[in-house]
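Everything on this sheet refers to the single structure shown next.
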Amino acid sequence: MEFYRSSRRLQILGSVILLLFIHGAYSFYLPGVAPQDFEKGDELKVKVNKLTSIKTQLPYSYYSLPFCRPKKIVDSTENLGEVLRGDRIENAPYSFKMREAQMCNILGRVTLDAKSAKAFKEKIDDEYRVNMILDNLPLVVPIERIDPGQGSPSVVYQLGYHVGLKGQYEGSKEQKYFMHNHLAFTVRYHRDMQTDAARIVGFEVKPYSVKHEYEGQWSEKTRLTTCDPHTKRLVVSSATPQEVENKKEIIFTYDVDFQESEVKWASRWDAYLLMSDNQIHWFSIVNSLMIVLFLSGMVAMIMLRTLYRDISRYNELETQEEAQEETGWKLVHGDVFRPPTNSDLLCVYVGTGVQCLGMVLVTMIFAMLGFLSPSNRGGLMTAMLLLWVFMGLFAGYASSRLYKMFKGTEWKRIAFRTAFLFPAVVSAIFFVLNALIWGQKSSGAVPFGTMFALIFLWFGISVPLVFVGAYLGFKKPPLDDPVKTNKIPRQIPEQAWYMNPVFSILIGGILPFGAVFIELFFILTSIWLNQFYYIFGFLFLVFVILMVTCAEITIVLCYFQLCSEDYLWWWRSYLTSGSSAVYLFLYAAFYFFTKLQITKLVSAMLYFGYMLIASYAFFVLTGTIGFYACLWFTRLIYSSVKID
């Protein structure tokens, strides 16, 4: 009954916290992203960002295509995260004046040659989108969608507009390429009734493909016959589209319309962030909670009934002969704290897991408090990188503490391996992937200057902090084992088939993965399908459930292992919960083949390369949680029995 009450309280508390988090995620903004007031006629600076495609996952700079250019291109990329994401934010040739509508503004004229026509066709083939920014708001294309069961249409927003489209003329079977060369912008603003100043709350576009025509020779004062505000001839459809072919002339034009909106500045991101599938998130939480409640019941049964009975029975035994007749976990007390094989490597992986855990927890807390809102582009990645670097202190501390418990003496060697093993593996994969991106001339390739900054963060800050942490951890007295270890190792009896290490390790990873796989779908969608993910309240709750699940499944399987007189639990406890990373990678492969439209070999290698890094990080994170849970459990039960 007490267990039921505590579970019920946990559910209620979780629901309250979750509602607060969702409210915060949708409407809470910190002063770091300050609103900007615009008077009528003020100049608005439009910026262009990278070209993106969900088919190739390779971003390109806007000016890698022969679009109209300003007199001088200025790079406005602000932080490390933006560079690593492939963002290349630059000034645009568009000229907006606040609350002053403009029709048929001519941006410029481009005559295609064979090379530029081919470049445009390749980008149209790969469904590339143009991304722009105005007052820190990304450009969106509104699309009406009628949901089944609902009469009224709802508006969904897609980030960026397509470079162009493919189609056929009526009566022809030949595939043609058409360019979106006319953009009808809509800037939504919220006006202060007292000061008449306005704040931008929306930035939308409707792209058109129009073959513009004009009379006479082209000059700066040329008026178009297809789009002329003086004759009130405006572009409202793509009836005569603009072809992309060698020696074709393309005239780029745009409209700007300003519409007053009831949406306030603090809520302007709602349209980007509002999820229509909250029910699925709730289903994810309920699914995860069911797994946790099932495991908690098993752990409670083991701890309260089985262990209590075992400990009472062991403590009541009077003679050594009676004790030797007993079977179960007490029999291996003289070997259970014997240091494992490759204990140094275990110390390194545990320290790395602590580093990962610290980074993830602090990042999520900052994200829920609003510090890492999507208006702060690249903020999430920058925060994770910096936190990883500074968490090196805890990595060194944790690895050297465990190393000293194993009676180790060379703490500097452990500190060195902790500082270099995981980052070296990740860096090696990253450098290979970066070389592939560089070979494709994509803006996603990390520049030399940024690479130098990353190496400095690793060698200049992270490595020294790992050594400082290791020194502090090694100075502290070691943890004393609750029982003495025998000099001669006990022989492990033959195990049942279901206690085979490989089988039990793989079984142990299923439940932690099952607790997170629904939320994992949304995370993969946000990363690979270019969408926003900002439901950090849900994510934090799922992460807490993941930690509890990892701890409980490891404790349950560790207890069964000790009961079968197998005392080699150190590595197995780490691998049991860590094996969930295998299922994570398999799910990523399933997602690749069922949800993504990637066809290029380089893009597929990028996907699996990055998912391999993510799975490796997930392995050290979940493995460390399981290991510490098992360490606590074994110390607890063996300190509760009388050992002669």
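Cβ atoms are placed via backbone N, Cα and C, with glycine included.
Just so you know, TrEMBL annotations are computer predictions that nobody has curated.
According to TrEMBL, the transmembrane segment annotation covers 282-304, 346-372, 378-398, 419-439, 451-474, 495-528, 534-562, 574-593, 605-633.
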Range from 419-439, 451-474, 495-528 with most C-beta pairs under 8 A to the transmembrane segment (346-372):
419-439
Beyond the flanks of the transmembrane segment (378-398) by at least 6 residues, Cβ under 8 Å:
78-85, 87, 350-352, 354-356, 358-359, 362-363, 366-367, 371-372, 415, 418-419, 454, 457-458, 461-463, 465-473
Are there at least 3 C-beta pairs under 8 angstroms linking the transmembrane segment (419-439) and the transmembrane segment (495-528), leaving out pairs fewer than 6 apart in sequence?
no
Mind checking which residues reach the transmembrane segment (574-593)? Cβ under 8 Å, same chain, six or more beyond either end.
346, 349-350, 504-506, 508-510, 512-513, 517, 520-521, 524, 528, 550-551, 553-554, 557-558, 604, 607-608, 611-612, 614-616, 618-620, 622-627
Would the transmembrane segment (419-439) count as touching the transmembrane segment (534-562), i.e. at least 3 C-beta pairs under 8 angstroms with sequence separation of 6+?
no
What same-chain residues lie close to the transmembrane segment (605-633): Cβ under 8 Å, and 6 or more beyond its ends?
57-58, 346, 349-350, 352-354, 356-357, 360, 422, 425-426, 429-430, 432-433, 436-437, 508, 512, 528, 546-547, 550-555, 558-559, 569-570, 573-582, 584-585, 588-589, 592, 596, 598
